[in-house]
Amino acid sequence: MSGSLSTGGRPGLDACGTGAGGETAQAGLRAISALKQERQFARAVRPRIRTLGIPALKSGKDVKRKLWLWLLLWFIPLVGTQPAAFESPVLAQETHAQAPIDPRPAETDSRPRISLIIATRQAPPFAFKDHNGQWTGIAIALWNRIAEHNGFKFHYIELGLSEMLAAVADGRVDAAVAALTITPEREQLLDFSHPFHSSGLAMALPIRGSYLFSLLARLISPQFLMVVAGLLALLISVGVLMWLAERRTNAQFRQEPLSGIGAGLWWSAVTMTTVGYGDKAPTTLLGRVIGMLWMFGGLILISAFTAAITTALTVKELDASISSIDDLRSQRVLALNGSTGEQFLSDQGIGHHSITRLTEALKAVAAGRAAAVVHDAPILRYEIKAGFAGQLRVLPLDLQKQTYGIALPPGSPLREPINVTLIGIIQSDDWNALLNTYLGALY
């Protein structure tokens, strides 16, 4: 077989066969075997053709016909069988060199989506829609700069706070940009960028009206009315006792119950207030004992009553009824559902009512349906300045320090480029100018 390889009629095949590997040599052997079969076929066919056309050809009448016939006898079998039996060793080598198709599914691409989905929500001044319906604010401006620097394409979707955090944790969105506080509880479910703003929780309280209005409000308060009712009951009791002691012998206290008790009430009132008109006075021993006890007791009662009224109607008490965290325990307090303010109140054991929109909570406080709202200080200041000026104020008391960051799904490939760009932005003068634009002198 090796001799046939070296002495075959087609040297080009021998060169290709010896230069390639084992597969190329086998292809060459198949080609030579096919060639031998073709020649055997031609030898078997020629006698039949000679019986048909060769005698005429040997006469020399049609040389061209003879030439074409011989060419067909040699090459038609080769052409007809070449696609099936003859395969170029070079082509075979190239075919085997192709990489096999891996039936396993391709691994998930860790690169970001072509268009990132960024969740946000209404949280002025960090994220809100302007009059054209476009998102703006501190956090929005920050993300726009980060996306421009890194070449990110993105679009915003609006979600509630709880839905936003769940979407980030599940990877249904690529990031969440708003006033999102970095907390240990949230860090267990998702990742955060470096902080871009520090602030704290605060309380929004109603601004009291004028002094006269506040005074009138206190005078008709249930606590004050209870004190007045108790004092009036004591006056009536002492007046009845004086009438019972004097009604038989003293004409100033008539025996008729209505007029006699009225006279006793009058004497009790003028005695307690130390006015002492002198138009009525006890004459019996029992009446005088009651009168003496009531004189000294009246001095004590009127002094205590005056002190209580003075304390209750001071300017400080009229200005606000909440000045510390402990004051919230006896008040109706509101907090945004799922916010750090709600978490703070729960941790402190302070009862509260959850609400979904901050503006609704502020309206409730302004209308007197709630005493306070606990939320992020810069957001409260911005909302009050925008829609509740003169009605609400922020108590200058930081209840809890907190920082804001960009929320990302766990293991997000965006975290590193975002952090690198974020640090450069917040250290620039443009960032301070942006904060002054939205927060003003409050920053």
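Backbone N, Cα and C atoms are what each Cβ position is placed from, and that goes for glycine too.
In TrEMBL, annotation is done automatically, which means it is predicted and not curated.
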TrEMBL annotation (transmembrane segment) - matching range among 26-46, 173-193, 257-277: 257-277
Remote residues contacting the transmembrane segment (289-315) - C-beta distance under 8 A, at least 6 residues beyond either end: 211, 215, 218, 223-224, 227, 231, 234, 238, 241-242, 245, 267-268, 271-274, 281-282
Same-chain residues near the transmembrane segment (257-277), Cβ under 8 Å, at least 6 residues beyond its ends: 235-236, 238-243, 246-247, 291, 294-295, 297-299, 301-302
Distant-in-sequence neighbours of the transmembrane segment (224-245), which means Cβ under 8 A and at least six residues beyond its ends: 218, 253, 257, 260-269, 272, 282, 284, 286-287, 290-291, 294, 301, 305, 308-309, 312
